[in-house]
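Enquirer: Below you will find the structure I want to go over with you.
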Amino acid sequence: MLKLICIVFLVTVLTFVVGEDTLDPAEYGCPSDVDMAELTEKNEVCLRCEDFHKEGVAFTLCKTNCFTTEYYKNCVKDLEEAGKETEE
């Protein structure tokens with residue numbers, strides 16, 4: 001029984017890990033022919049923004065409508081300003 005529980009747990013963890021490595025443009029409201037490198041870069045901005053603001057909703061708001069919202073633009077601005085402050 002313990003082996004079965006361990007196997008189920010391992011499969012579940014691997015499913016989540018594999019799922020995080022692939023980005024689905026439709027999940028972000030982007031066209032299917034979007035540049036995946038650009039999508040990955042913008043996704044990283046949103047992840048950093050979520051970490052910076054410590055808000056659970058930051059990532060969702062940031063990626064809405066294929067990263068075209070004011071929230072995404074503000075995230076970019078906030079991260080740039082935070083980078084400038086650490087340089088000083």
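Even glycines carry a Cβ here, placed using N, Cα and C.
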Enquirer: Tell me which of Cys30, Cys49 Swiss-Prot records as disulfide-bonded to Cys75.
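Expert: If we follow Swiss-Prot, the cysteine bonded to Cys75 turns out to be Cys49.
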Enquirer: Per Swiss-Prot, which of Cys30, Cys46 is disulfide-bonded to Cys66?
Expert: Cys30
Enquirer: If you count CB neighbours within 10 Å, which one among the disulfide-bonded residues Cys49, Cys62, Cys66, Cys75 has the smallest count?
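Expert: Candidates: the disulfide-bonded residues Cys49, Cys62, Cys66, Cys75. Fewest Cβ atoms within 10 Å: Cys66.
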Enquirer: Return the residues near Cys46 (disulfide bond) by Cβ distance under 8 Å, restricted to its own chain and a separation of at least 6 in sequence.
Expert: Ala58, Phe59, Cys62, Lys63, Phe67, Tyr72, Cys75
